[in-house]
Amino acid sequence: MRSDSIKKGLERTPHRALLFATGIPKSEMNKPFIGVATSFTDIIPGHISMKELERFIEKGIHTGGGYPFFFGIPGICDGIAMGHKGMKYSLPSRELIADIIECIVEAHQFDGIVLLTNCDKITPGMLMAAARLDIPAIVLTAGPMLAGYYKGQRRNLTSDTFEAIGKFKKGVLTEKDLEALELCACPGAGSCQGMYTANTMACVTEALGMSLPGTAATPAVMSEKRRLAFETGVKIVELVRKKINARQILTKEAFYNAIAVDMALGGSTNTVLHIKAIANEAGINLPLEVFDEISRKTPHLVNIIPSGEHYMEDLYKAGGIPAVLKRLKDKIYSNPTVSGIDIKEIAQKAEIYDENVIRSIKKAYHKEGGVAILKGNLAPDGAVVKQTAVSSKMLKFEGIARCFDSEENAMKAILDGKIKEGDVIIIRYEGPSGGPGMREMLSPTSAITGMGLNESVALITDGRFSGGTRGPCIGHVSPEAARGGPIAIVKDGDKILIDIPKRKIEILISESEIKKRLKNWKPPKQKIEKGYLLRYARNVSSADKGAILE
């Protein structure tokens, strides 16, 4: 066992002394040492239930014949970090999480690891660590939040708080409504209720084979989640004994399966960044084109908020990810999972309990999957759009550029009523390096939707979008503005063409004019002059490469 390097032999006398100082009984010293990376915090709703899950994981590890050691991992709530300086730290925290887990696991030579996670950048950071370390590993996502209720209707974070700001400015909602929605939109523990980034990544994790069947959609408050936590603890010891390492599960086929499930769910565009980053750690190259190829062949079968009317709890009741896999059984590859059951067998045995929530391929919401990859002279290296959240009338759109060099300036213009029908909002210098941190533009997109402009105004950015975004919102524009991408030289009044079916994004000026503007462009001064973000800005790759550190 790996842990023998810290507990066996004469030279390890001081190591054993320190281990005994923790209270470990001598009888447990020959058991596999299991690290449990817990991201519990009481500021993220999706993580407040983890203390109880920790206890069930612990019981499971003991039952399986291992000995657990818990250690803490930081987490950021993207919703609370949204719309201000804090969002600059969200994506960079993904790399920190992976690095911290690597440091702790290697320093203490754990035999296997349980990764307790739930929200946006924490889950991919943990999966990156698992792929990098290539030891036995299993993920437990803590589960989605239930719907809130107000005036007899189901409520959720995005449409009933973020979009409510625009509705209030337009006079659709009263101040009393806003105050009430603040108190009831998010009723308790769990990741936010829709197919936003946290829940999409939980579904991707299960489709990768890195969590037990049923884990992703089971709500945080269900007793079933505790049983899954217990089984996760039992299973990690089995994985250690069978010497099944993470990369035996994280194969190219696993990533193709995960992308297919993501496309069928109409998931968050952030998964493009995260799946690429995880694959990179596993030594697998996933070009952007792979996402588009799989999307073109995978129908959109599940329509959960923000693009649809269903909630994560509906997906749970309908059969969860195993049921989605059943729909896709002819489109996925055979591959092992942490459960010990092949993903194809999980799909075969699954039951579908609601045909309206998980549609058949013949009755798909859309013939293609959730994400489309666009290219053109505005984004030579690619851009990403959630095409299933765009109305049919906006799939092809030509508009006039309105340029802003920060999210804040764009947000002010939107709320001040300065954005009109036919405008294409350009938000730049918000990329991985230029931001730095590639902030999510949920506040501007929600304001656009709340003010009723989501079918007449488009938004293009080198930043990102929350999984809660809907409408013609194109992000991850590469190269980014700060590194001389063409988005940097767009001017107010330029005509912009978006053609999602043809995968085009163009600035309608001559090639000679583009070259002239690029020649005259000068990079702006770095916004950050110290700390982690400065190091991140200097070393982060472009979005088309997953915004990984190089």
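Just so you know, glycine gets a Cβ as well, placed from its N, Cα and C.
Taken from Swiss-Prot, the feature Mg(2+) binding site covers Asp78, Asp120, Lys121, Glu440. The number of other Cβ atoms within 10 Å of the Cβ belonging to Asp120 (Mg(2+) binding site), over all protein chains shown, comes to 34.
Spatially close to Cys119 ([2Fe-2S] cluster binding site) yet at least six residues away along the chain are Ser39, Ile44, Gly46, His47, Gly75, Ile76, Cys77, Asp78, Ser191, Ala198, judged by Cβ distances under 8 angstroms. According to Swiss-Prot, the [2Fe-2S] cluster binding site annotation covers Cys119, Cys192.
The feature N6-carboxylysine is assigned by Swiss-Prot to Lys121, with sequence analysis given as support. Non-local contacts of Lys121 (Mg(2+) binding site) by the CB criterion (under 8 A, 6+ apart in sequence, same chain) comprise Ile76, Asp78, Ser90, Leu91, Ser93, Arg94, Ile97.
Here Swiss-Prot flags Ser466 as active site, proton acceptor. Taken residue by residue with DSSP, Ser466 (active site, proton acceptor) is part of neither helix nor strand, so it is coil. Around Ser466 (active site, proton acceptor), the C-beta neighbours below 8 angstroms that are at least 6 residues distant in the chain are Asp78, Met82, Thr158, Tyr196, Thr197, Ser268, Asn270, Glu440, Met441, Leu442, Thr445.
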Number of Cβ atoms other than its own within 10 Å, given for Asp78 (Mg(2+) binding site):
30
If you take the centroid of the Cβ atoms of Asp78, Asp120, Lys121, Glu440, the listed Mg(2+) site, which other residues of that chain have their Cβ within 8 Å of it?
Ile76, Ala81, Met87, Ser90, Leu91, Cys119, Thr197, Ala198, Asn270, Ser466
I'd like the Cβ neighbour count for Glu440 (Mg(2+) binding site), meaning other Cβ atoms within 10 Å of its Cβ, all protein chains included.
32
Taking the Cβ of Cys192 ([2Fe-2S] cluster binding site) as the centre, count every other Cβ atom within 10 Å, in any protein chain shown.
29
Rounded to a whole angstrom, what is the C-alpha distance between Asp120 (Mg(2+) binding site) and Cys192 ([2Fe-2S] cluster binding site)?
10
